[in-house]
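Visitor: Structure below; questions to follow.
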Amino acid sequence: MHDGYEMVVGLEVHVELATATKLFSASPNRFGDEPNTNIDPVTLGLPGALPVLNRQAVELAMRLGLALNCRVQKSTFARKNYFYPDMPKAYQISQYDEPITADGWLDLPDGFRVGIERGHLEEDTGKSTHVGGTGGRIHGSDYSLIDFNRAGVPLVEVVSRPDIRHPEQAKAYVSELRAILVAIGASDAKMEEGSMRVDANVSVRKPGADFGTRCEIKNVNSVRSVGRAIEYEAKRQILLIESGEKVVQQTRHWDENDGKTHTLRSKEDADDYRYFREPDLVVVDPDPEWIERVRAALPVLPAERRRLLAEAAGVATDSEAVMVVVERGQDSYVLEVAKLGGDAAIALKHVKELAEAGDIPAVDMAELTTMESSGALTATQAKQVVAEMVESGGTAADIAAAKGFEAMDTSELEAMVDAAIAEQPDAWEKFCAGEGKAMGALVGAVMKASKGQADGKAVTALLNQKKP
Amino acid sequence: MSEQIQTATQIAWNVRNGVTKATDVVEAHLAQIDAREGEVHAFNLVLADEARARAAEIDDMVTVGRDPGLLAGVPVALKDNMCTRGVPTTCSSKILDGWKPPYDATVVTRLAEAGAVTIGKTNLDEFAMGSSTENSAFGPTYNPRDLSRVPGGSSGGSAAAVAAEFAPVSLGSDTGGSIRQPAALCGVVGVKPTYGSVSRLGLIAFGSSLDQIGPFAHTVADAALTLEAISGHDAGDSTSIQQGPLDLTRQLEFGVAGLRIGRITDLPEGASPDVQERLEVAFDTLRSAGAEIVDVEVPAFGYGLTAYYLIAPAEASSNLARFDGVRFGHRVDAADTNSMYMATRTDGFGAEVKRRIMLGTYALSAGYYDAYYGRAQKVRRLIANDFAAAYAKADVLLTPASPTVAFEVGDKSSDPLAMYLCDTYTIPSNLTGDPGMSVPFGTGEHGLPVGVQILAPALKDPVMFQAAHVLEQHMQHEGGAS
């Protein structure tokens, strides 16, 4: 990175768990309802109310921990004390020194491994809306509204080790974590609805030096912003250091509009949370049999699905087609096509380009891929057939016949190639001299002559054959 | 006792069998309240109309042949830190001004299911912090045995309500002795059962890991009956023990023959001579009844007070943070949120509550946690270990409940430390979660009641009741108080 510095990034990702009810009460955990309808004495922190731990939340936290290769352990809850109007009890119940899962890792699609320090359970806060004034800030507002529907919603905070060194890795980490969450059904992981929120701890250093002073950027809410915020913050810190100043440990806010981070609060006025064991809850000690049952029920995770798909199609695991198709959850379709005797690579290509191709019955897709791989259909023809199959149904053979697509025989194609060479001697000369660009003109001519029915690959092969 | 003012056991039997009407029982107690409440001030709120209506329901049930339950028609006074749906619950604090809980505490529900009649909400030291019931936003409660004296605290209102015969039984909460000490000072039975045996759901928390609800009564049998009605697992309280109601009444007559009664040889000094004298009589009584008296040591006993005054305020500072003026109760308006919090809490809390919030906040704060709260928790474990060792040698232990008989109103209210010492003998069992009870055992100085405390290991509440019953029978033979 800039001037021989490297960035050191650790991410804390808050994930809302997809439970039916809240972490400590029977109120529904539902987004988008009328404000203050999903509440009860526990949610509102009324005097005398007591928390009762939601077993489903524990199980989802365990599932996530196991998917991140963590150890599931005996854990406790603590109170994190601070005053804020949308914190009903004036403390948040959170796991602190004994989290339910710890010491795992997450492999990025390119193979880079990011350590996971812990995944701990905690309750979400309510939501304040400041009306009047500027920028939705509390200062200067006329009044504030508080919606407690979100208060008490279960969160898992996944804390990575400071292993990330590039904005792209941070983005890949968040994307991969989101893919895992969706795959295991732990969360809908919708960043735009706040069900997945990222805090980034950023510092810079010369490679090999000790960790620098870090700043925390709170609540970054898109993958793209994660990359931009980290990049901006690292540059800001480098500029500070280069100009002889010191980085001050502080909490910062990412402003999407001006593309900058801004001070929220410095360490000097950081809260003292006065953590202590939550006396209203008992130790959570999942028995090994339960843990193993949860582990056994884990679905195949995105990384493994990419590996299986890439292997079947003979492409790289982090190739765009593999990434996209697995993210869309269409990998099983492509594998099904392969199982029916189809060509996985070709099916992958069609599904990636036209998502709806996955709606075609697998057996019909298998037939189409066979026609394409055998040369009965050119790539261009196959694409048209697929579009037609999606549009109005029918088998590949019927549609190809109806469209008059027939495999061009070699002599016919050869004649067209010869004609193209004859028509464009300049281009031929340049092609023979090794200028790759010239090939385009020749292939284009053949395509035009064949009304797009020629197989580009076959044309290229013929041209190369004819090269003296 | 007058005709209708009898023990809870008698009232319930009579009402269930149609011998007495619940409405008559309630009227008799309301009349007693009319006669004496003005001088005692046991209640924050008397629920006369509600009690009459409820009693009529009970009578109707009996008329149609339905059994209203174990406590049929028994008037019960509730400490005003237990939530009652639609009825003000104040904790004797200005900060809860105007708040009516939208739900009943589990104990309130269970009492109702057992056919009891809630007759009123009793006064307490604000948020249950104190040992004299002088720290109430609504003024002090006076000891019915001597109106110049305190009833003890913090459940002084509930203890006084029983002593003044406003109700045959009442409920209090005990965080450091708040049932046992006022029971001793008012000459009634007071029980802090094993932690987790009675649900805390709906009890406005003071020190969550220490708080436990328990009964006051004239007799050990009445306390047993009430505790049976309110104890047992509650899924709404995570710390509730997975077991059914305590089984006590059947065991009362088992006696103490063969039981080992522990005498703590290194008990902290401070009990007055009259109290010590009664304790000796208690040991003799149990020995005569066939028990063996054994010497045990509990070296860490004396550290209980110190550990308690770090742990309880620490938890209280957190538990009381929700009283911030945002969602319920008292609010003082101010220019911004922080000023509103500050003005509300400054105005809403009394001096003792503020003192403990400050103590607790300090004990938990970064840089002091290890030296104070963390160390107090270690001491807590040490005390538990010492008690466990003592209970290996003795089935129950006997100590004073309060170091002295009831002191005069105003005597200690300006000296917090002197006040804290009132709980020296009761605090350790809150730290360990073990049960303890105070049984009236004659009188001391100025003819005032003395209570003997019986301590037992967790879940051995029945054994504690056996010993208590023997002491009580002895007093009846002696023709003693109540």
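Including glycine, each Cβ sits where the backbone N, Cα and C put it.
No curator has checked TrEMBL annotations; they are predicted automatically.
From a predicted model like this one, the values you see are computed outputs, not experimental measurements.
Pulled from TrEMBL, these are the listed features:
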DOMAIN    B:24-461  domain 'Amidase'
ACT_SITE  B:Lys79  active site, charge relay system
ACT_SITE  B:Ser154  active site, charge relay system
ACT_SITE  B:Ser178  active site, acyl-ester intermediate
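For each feature listed, report its degree of burial, its nearest neighbours and the pertinent distances within the displayed model.
Guide: Listed in sequence order, B:Lys121, B:Thr122, B:Leu124, B:Ala128, B:Ser155, B:Gly157, B:Ser158, B:Ser170, B:Leu171, B:Gly172, B:Ser173 are the same-chain residues at least 6 apart in sequence whose CB falls under 8 Å from the CB of B:Lys79 (active site, charge relay system). DSSP assigns B:Lys79 (active site, charge relay system) to a strand in the three-state reduction.
Secondary structure at B:Ser154 (active site, charge relay system), taken from DSSP and collapsed to helix, strand or coil, is coil.
Taking Cβ-Cβ distances under 8 Å and a sequence gap of 6 or more within the same chain, the neighbours of B:Ser178 (active site, acyl-ester intermediate) are B:Asp125, B:Ala128, B:Ser131, B:Gly153, B:Ser154, B:Ser155, B:Gly172.
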Visitor: Using a 10 Å cut-off, grab the number of neighbouring Cβ atoms around the Cβ of B:Ser154 (active site, charge relay system), all chains included.
Guide: 37
